[in-house]
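Over in TrEMBL, the protein carries these features:
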- 28-46: transmembrane segment (TRANSMEM)
- 96-116: transmembrane segment (TRANSMEM)
- 122-146: transmembrane segment (TRANSMEM)
- 167-185: transmembrane segment (TRANSMEM)
- 205-228: transmembrane segment (TRANSMEM)
- 249-272: transmembrane segment (TRANSMEM)
- 321-342: transmembrane segment (TRANSMEM)
- 348-369: transmembrane segment (TRANSMEM)
Amino acid sequence: MSSALDTFCGQSYGAKQYDMVGIHMQRAIVVTMLATIPMSIIWAYLRPILVVLHQDKRIAAHAQLYARYLIPSLSANALLRCFVKFLQTQNIVLPMVLASGFTTLTHVLLSWLFILKLRHGIKGAAIAFCISNWLNTMLLALYISLSSSCKTTWTGFSRKSLHNIPQFLRLAFPSTLMVCLETWTFELMVLLSGALTNPTLQTSVLSICFQTSGLFWMIPFGIGAAASTRISNELGAGCPKSAFLAVKVTLSMSFISGALEFTLLMLTRNFWGRIFTNVPELVSYVESMTPILASLVFVDSIQTAFSGIARGCGWQKLGAFVNLGSYYLVGVPFSILLAFVLHMKGVGLLLGIVLALSIQVLCFLAVTLHTNWEKEANKAAIRVKGKGDQADIH
């Protein structure tokens, strides 16, 4: 839900309405903190939900125990996501890097303390994560409240943050759907792999493939995040030509990074699987799937850039429909057809994801090529003035 700040904060900052950047963040905090309440209830009673989904009862009990101790991190994460977007849309990056680096080092020590030294096991892992999450959140909160870099955008708490919440939700809900629809598809593929012949092998290979794609995804994600900031700033400032230039630069960078990642995977396909396992059968299977995996990484690089462009422009509603159609009307059915009907197993599941990502790219490309950037700048001006009903019609 905090992804809506890519649009609101970014365009307000570009329009030099600096006080509204802080107000939008406060509004997001109110909404995301309220959203943690139902999530906390679900996590507290996770075991019966998992049992209904045919998960092992023992594993479900352990998952519930872990989730219950993790509940305090929900509110920390809600705050943290809003702080990150607040700083990111102002091009303030270094403090986040330093805070994350310090938190990561601290988390290693906390994990050793609670898991190994105090022998708290699963509970210890959750406690360490909660403390680390709150530490990162508090570091950024201190920076925002004390740094001169935020003195114009953070002017203290305001009742204005309680106004126009419906306008915020009109972008927040589609933002949530964009992320969830995509994430759930990858999780669904892992679940489906468990229904294939030799499920241990299929699930293991697919997990390695998705871990690999997640690793390579970090670079295009950074490009997409930078794109959402730059494009929203330019549209808010009323500079449509600069916004379109940022779009072209973003797509060029994502294409180059995707091509380099594709090449790297293909060059290392003979031993890439050994990074994750020493089981010969798994290593051989990963090698055979590498061309498809490399294609997935390449297309995902471009898709991730387009997602950043969509957030910067305020196209979250459109993005949600694109993701729904590409994944659940095409990608998932195609995966099931290939994996279970044509007996292509894990290869079929992965090909379905590649097809879904390709359709996403084509849809966003068509929208981008037919976009009137003058109108997008006008929409941004309307949105900044608080007339979201008019601006959010795409």
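Note: Cβ is positioned from N, Cα and C throughout, glycine not excepted.
Only residues 6 or more beyond the boundaries of the transmembrane segment (28-46), in the same chain, are considered here, and those with a CB under 8 A from a CB of the stretch are 1-2, 4-5, 8, 60, 63-64, 67-68, 70-71, 74-75, 78-79, 81-82, 85, 161-162, 165, 168-169, 172. Outside the transmembrane segment (348-369) by six or more residues, the chain places 185-186, 189, 192-193, 206, 209, 247, 289, 292-293, 295-296, 299-300, 302-303, 306-307, 309-310, 315, 318-319, 322-323, 325-327, 330-340, 342 with a CB less than 8 A from a CB of the stretch. Counting residues 6+ beyond its ends, the transmembrane segment (167-185) has Cβ neighbours under 8 Å at 1-4, 7-8, 24, 27-28, 31, 307, 310-311, 314, 316-317, 319-320, 323-324, 327-328, 331-332, 353, 356, 386, 388-389, 392 in the same chain. No contact links the transmembrane segment (249-272) to the transmembrane segment (321-342), because fewer than 3 Cβ pairs that are 6 or more residues apart lie under 8 A.
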